[in-house]
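Annotated features, as they stand in TrEMBL:
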DOMAIN    7-62  domain 'CBS'
DOMAIN    80-139  domain 'CBS'
DOMAIN    143-199  domain 'CBS'
DOMAIN    214-270  domain 'CBS'
(Lines of atoms letter the chains of each structure in order from A and count residues from 1; the text may use other names and numbers.)
(Lines give C-alpha, C1' and ligand atoms only; values in the text may rest on other atoms or scores of the structure.)
Protein backbone atom coordinates (compact mmCIF):
# COMPACT_ATOMS: atom_id res chain seq x y z
CA UNK A 1 0.00 0.00 0.00
CA UNK A 2 1.40 3.45 -0.86
CA UNK A 3 1.38 6.51 1.37
CA UNK A 4 -1.23 8.30 -0.70
CA UNK A 5 -3.77 6.41 1.40
CA UNK A 6 -2.32 7.84 4.63
CA UNK A 7 -1.08 11.32 3.74
CA UNK A 8 -2.79 14.59 4.60
CA UNK A 9 -3.97 16.22 1.39
CA UNK A 10 -3.87 19.96 0.68
CA UNK A 11 -1.42 20.91 3.45
CA UNK A 12 -0.71 24.62 4.03
CA UNK A 13 1.75 25.96 1.44
CA UNK A 14 3.55 29.32 1.38
CA UNK A 15 6.27 30.76 -0.82
CA UNK A 16 9.72 31.59 0.51
CA UNK A 17 8.96 35.28 -0.07
CA UNK A 18 5.99 35.22 2.32
CA UNK A 19 6.44 36.66 5.81
CA UNK A 20 6.47 34.90 9.14
CA UNK A 21 3.36 36.82 10.21
CA UNK A 22 1.38 34.80 7.68
CA UNK A 23 3.15 31.60 8.69
CA UNK A 24 2.08 32.09 12.32
CA UNK A 25 -1.53 32.31 11.15
CA UNK A 26 -1.34 29.11 9.11
CA UNK A 27 1.00 26.85 11.07
CA UNK A 28 -1.76 24.98 12.87
CA UNK A 29 -4.07 24.44 9.90
CA UNK A 30 -5.33 20.89 10.10
CA UNK A 31 -3.35 20.31 13.28
CA UNK A 32 -0.24 19.56 11.21
CA UNK A 33 2.19 22.05 12.74
CA UNK A 34 4.11 22.31 9.48
CA UNK A 35 4.01 24.46 6.35
CA UNK A 36 5.43 23.40 3.01
CA UNK A 37 7.39 26.16 1.29
CA UNK A 38 7.01 25.86 -2.46
CA UNK A 39 6.35 27.59 -5.73
CA UNK A 40 6.06 24.88 -8.36
CA UNK A 41 8.36 22.56 -6.44
CA UNK A 42 9.16 22.21 -2.75
CA UNK A 43 11.91 24.53 -1.52
CA UNK A 44 11.60 24.18 2.22
CA UNK A 45 9.64 23.13 5.28
CA UNK A 46 8.66 25.38 8.19
CA UNK A 47 7.73 23.78 11.51
CA UNK A 48 6.30 24.91 14.82
CA UNK A 49 9.77 24.56 16.28
CA UNK A 50 11.21 26.86 13.59
CA UNK A 51 8.67 29.56 14.43
CA UNK A 52 9.23 29.25 18.18
CA UNK A 53 12.97 29.67 17.59
CA UNK A 54 12.31 33.28 16.54
CA UNK A 55 12.04 34.02 20.26
CA UNK A 56 15.69 33.04 20.69
CA UNK A 57 16.72 35.22 17.75
CA UNK A 58 14.75 38.40 18.41
CA UNK A 59 13.92 38.34 22.10
CA UNK A 60 15.98 37.39 25.10
CA UNK A 61 14.39 38.10 28.48
CA UNK A 62 11.57 40.11 26.97
CA UNK A 63 10.10 41.28 23.70
CA UNK A 64 9.02 44.71 22.52
CA UNK A 65 6.36 45.60 19.96
CA UNK A 66 9.20 46.44 17.60
CA UNK A 67 10.70 42.97 18.06
CA UNK A 68 7.36 41.34 17.30
CA UNK A 69 6.94 43.51 14.21
CA UNK A 70 10.38 42.46 12.98
CA UNK A 71 9.43 38.82 13.52
CA UNK A 72 6.17 39.26 11.59
CA UNK A 73 7.92 40.89 8.61
CA UNK A 74 10.83 38.44 8.41
CA UNK A 75 10.81 36.35 5.20
CA UNK A 76 9.93 32.67 5.61
CA UNK A 77 13.17 31.71 3.87
CA UNK A 78 15.17 32.89 6.90
CA UNK A 79 13.69 30.19 9.17
CA UNK A 80 12.61 27.34 6.90
CA UNK A 81 14.56 24.12 6.56
CA UNK A 82 15.70 24.20 2.92
CA UNK A 83 15.39 21.27 0.52
CA UNK A 84 13.66 18.80 2.85
CA UNK A 85 13.61 15.11 2.04
CA UNK A 86 10.42 14.25 0.14
CA UNK A 87 8.70 11.07 -0.96
CA UNK A 88 6.52 10.33 -3.96
CA UNK A 89 2.84 9.58 -3.47
CA UNK A 90 3.54 6.13 -4.93
CA UNK A 91 6.09 5.32 -2.21
CA UNK A 92 5.09 2.31 -0.13
CA UNK A 93 4.24 2.83 3.53
CA UNK A 94 7.18 0.89 4.95
CA UNK A 95 9.76 2.76 2.88
CA UNK A 96 8.40 6.10 4.08
CA UNK A 97 8.20 4.82 7.67
CA UNK A 98 11.78 3.59 7.47
CA UNK A 99 12.97 7.03 6.34
CA UNK A 100 11.08 8.71 9.19
CA UNK A 101 12.57 6.42 11.84
CA UNK A 102 16.15 6.04 10.61
CA UNK A 103 16.60 9.73 9.79
CA UNK A 104 14.67 11.02 12.79
CA UNK A 105 12.12 13.00 10.78
CA UNK A 106 8.76 14.06 12.18
CA UNK A 107 7.18 14.43 8.76
CA UNK A 108 7.72 13.96 5.04
CA UNK A 109 6.30 16.21 2.32
CA UNK A 110 4.72 14.15 -0.47
CA UNK A 111 5.11 15.01 -4.16
CA UNK A 112 3.66 13.68 -7.41
CA UNK A 113 5.51 12.46 -10.48
CA UNK A 114 6.18 16.09 -11.47
CA UNK A 115 7.65 16.87 -8.03
CA UNK A 116 4.72 19.11 -7.13
CA UNK A 117 3.55 18.97 -3.49
CA UNK A 118 0.35 16.98 -3.03
CA UNK A 119 0.42 16.21 0.69
CA UNK A 120 2.38 15.59 3.84
CA UNK A 121 2.66 12.62 6.16
CA UNK A 122 3.43 12.91 9.88
CA UNK A 123 3.97 10.50 12.73
CA UNK A 124 0.27 10.49 13.57
CA UNK A 125 -0.82 9.13 10.18
CA UNK A 126 1.46 6.12 10.61
CA UNK A 127 -0.37 5.21 13.82
CA UNK A 128 -3.20 4.00 11.59
CA UNK A 129 -1.01 1.01 10.69
CA UNK A 130 -1.66 -0.44 14.16
CA UNK A 131 -5.24 -1.36 13.26
CA UNK A 132 -3.98 -4.30 11.19
CA UNK A 133 -1.38 -5.50 13.68
CA UNK A 134 -1.62 -7.98 16.54
CA UNK A 135 -1.23 -6.65 20.08
CA UNK A 136 2.32 -7.74 20.86
CA UNK A 137 3.98 -5.10 23.02
CA UNK A 138 2.79 -3.25 26.12
CA UNK A 139 3.31 0.48 26.50
CA UNK A 140 6.05 -0.02 29.09
CA UNK A 141 8.41 -1.44 26.46
CA UNK A 142 8.52 1.80 24.49
CA UNK A 143 7.58 4.52 26.99
CA UNK A 144 10.15 6.94 28.42
CA UNK A 145 10.64 6.74 32.19
CA UNK A 146 13.13 9.59 32.53
CA UNK A 147 10.61 12.36 32.04
CA UNK A 148 11.53 16.04 32.21
CA UNK A 149 8.81 18.02 33.97
CA UNK A 150 8.27 21.72 34.54
CA UNK A 151 6.80 23.65 37.46
CA UNK A 152 3.42 25.27 36.88
CA UNK A 153 4.57 28.82 37.74
CA UNK A 154 7.51 28.91 35.32
CA UNK A 155 7.19 31.59 32.65
CA UNK A 156 5.95 30.39 29.27
CA UNK A 157 8.95 31.80 27.39
CA UNK A 158 11.31 29.94 29.73
CA UNK A 159 9.43 26.70 29.11
CA UNK A 160 9.72 27.27 25.35
CA UNK A 161 13.46 27.84 25.61
CA UNK A 162 13.81 24.59 27.55
CA UNK A 163 11.84 22.69 24.91
CA UNK A 164 13.92 24.21 22.11
CA UNK A 165 17.24 23.43 23.81
CA UNK A 166 16.32 19.86 24.73
CA UNK A 167 14.28 18.98 21.66
CA UNK A 168 11.06 18.38 23.63
CA UNK A 169 7.62 18.84 22.09
CA UNK A 170 5.85 18.68 25.43
CA UNK A 171 6.47 18.86 29.17
CA UNK A 172 4.29 17.45 31.96
CA UNK A 173 3.50 20.21 34.47
CA UNK A 174 3.84 19.63 38.22
CA UNK A 175 2.78 21.44 41.39
CA UNK A 176 4.56 21.92 44.72
CA UNK A 177 4.03 18.25 45.61
CA UNK A 178 5.44 16.97 42.29
CA UNK A 179 1.96 15.88 41.26
CA UNK A 180 1.11 16.20 37.58
CA UNK A 181 -1.48 18.94 37.04
CA UNK A 182 -1.22 19.45 33.30
CA UNK A 183 0.89 19.25 30.18
CA UNK A 184 2.27 21.99 27.97
CA UNK A 185 3.07 21.42 24.31
CA UNK A 186 4.64 23.37 21.48
CA UNK A 187 1.10 23.74 20.10
CA UNK A 188 0.00 25.63 23.24
CA UNK A 189 3.10 27.80 23.01
CA UNK A 190 2.80 28.62 19.31
CA UNK A 191 -0.81 29.70 19.75
CA UNK A 192 0.25 32.27 22.33
CA UNK A 193 3.20 33.48 20.30
CA UNK A 194 1.00 33.73 17.20
CA UNK A 195 -1.41 35.98 19.14
CA UNK A 196 1.49 38.13 20.32
CA UNK A 197 2.86 38.51 16.78
CA UNK A 198 -0.56 39.18 15.26
CA UNK A 199 -1.55 41.83 17.81
CA UNK A 200 1.99 43.12 18.41
CA UNK A 201 1.34 42.59 22.12
CA UNK A 202 4.14 40.82 24.04
CA UNK A 203 1.86 40.11 27.01
CA UNK A 204 0.16 37.28 25.12
CA UNK A 205 3.43 35.38 25.36
CA UNK A 206 5.71 37.04 27.91
CA UNK A 207 3.12 37.71 30.58
CA UNK A 208 2.01 34.10 30.77
CA UNK A 209 2.97 31.27 33.09
CA UNK A 210 2.88 27.63 32.11
CA UNK A 211 -0.26 27.14 34.20
CA UNK A 212 -2.08 29.78 32.12
CA UNK A 213 -1.81 27.85 28.85
CA UNK A 214 -1.30 24.20 29.84
CA UNK A 215 -3.81 21.46 29.07
CA UNK A 216 -5.39 20.25 32.31
CA UNK A 217 -7.56 17.48 30.88
CA UNK A 218 -4.90 14.80 31.14
CA UNK A 219 -5.13 11.60 29.11
CA UNK A 220 -3.37 8.67 30.75
CA UNK A 221 -2.79 5.03 29.99
CA UNK A 222 -1.71 1.97 31.94
CA UNK A 223 1.81 0.81 31.22
CA UNK A 224 0.50 -2.72 30.60
CA UNK A 225 -1.92 -1.60 27.88
CA UNK A 226 -0.86 -2.45 24.33
CA UNK A 227 0.87 0.05 22.08
CA UNK A 228 -2.03 -0.57 19.68
CA UNK A 229 -4.44 0.81 22.25
CA UNK A 230 -2.15 3.78 22.88
CA UNK A 231 -2.12 4.52 19.14
CA UNK A 232 -5.91 4.34 18.98
CA UNK A 233 -6.23 6.77 21.90
CA UNK A 234 -3.94 9.29 20.25
CA UNK A 235 -5.75 9.06 16.92
CA UNK A 236 -9.24 9.41 18.40
CA UNK A 237 -8.32 12.22 20.80
CA UNK A 238 -5.91 13.93 18.37
CA UNK A 239 -3.11 14.16 20.90
CA UNK A 240 0.60 13.46 20.65
CA UNK A 241 1.28 11.73 23.96
CA UNK A 242 -0.16 9.75 26.85
CA UNK A 243 1.02 9.97 30.45
CA UNK A 244 1.65 7.05 32.76
CA UNK A 245 1.10 8.11 36.37
CA UNK A 246 1.81 6.57 39.75
CA UNK A 247 -1.06 6.13 42.22
CA UNK A 248 -0.15 9.41 43.91
CA UNK A 249 -0.39 11.25 40.57
CA UNK A 250 3.36 11.71 40.20
CA UNK A 251 4.89 11.02 36.81
CA UNK A 252 5.97 7.47 35.98
CA UNK A 253 6.42 7.72 32.24
CA UNK A 254 5.26 9.11 28.93
CA UNK A 255 4.67 7.57 25.53
CA UNK A 256 4.59 9.79 22.47
CA UNK A 257 3.75 9.56 18.80
CA UNK A 258 7.46 9.23 18.16
CA UNK A 259 7.70 6.24 20.51
CA UNK A 260 4.77 4.59 18.75
CA UNK A 261 6.32 5.28 15.35
CA UNK A 262 9.45 3.46 16.47
CA UNK A 263 7.32 0.65 17.89
CA UNK A 264 5.31 0.10 14.71
CA UNK A 265 8.54 0.14 12.69
CA UNK A 266 9.96 -2.49 15.04
CA UNK A 267 6.87 -4.69 14.67
CA UNK A 268 6.87 -4.45 10.88
CA UNK A 269 10.59 -5.26 10.70
CA UNK A 270 9.91 -8.34 12.84
CA UNK A 271 7.12 -9.40 10.48
CA UNK A 272 9.33 -8.98 7.42
CA UNK A 273 12.04 -11.04 9.08
CA UNK A 274 9.57 -13.85 9.85
CA UNK A 275 8.38 -13.85 6.24
CA UNK A 276 11.93 -14.59 5.09
CA UNK A 277 12.30 -17.61 7.38
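Keep in mind that glycine also has a Cβ here, set from the backbone N, Cα and C atoms.
Helix first, then strand, then coil: DSSP counts for the domain 'CBS' (7-62) stand at 20 helix, 16 strand, 20 coil. On the 0 to 100 pLDDT scale, the model's mean across the domain 'CBS' (80-139) is 96.
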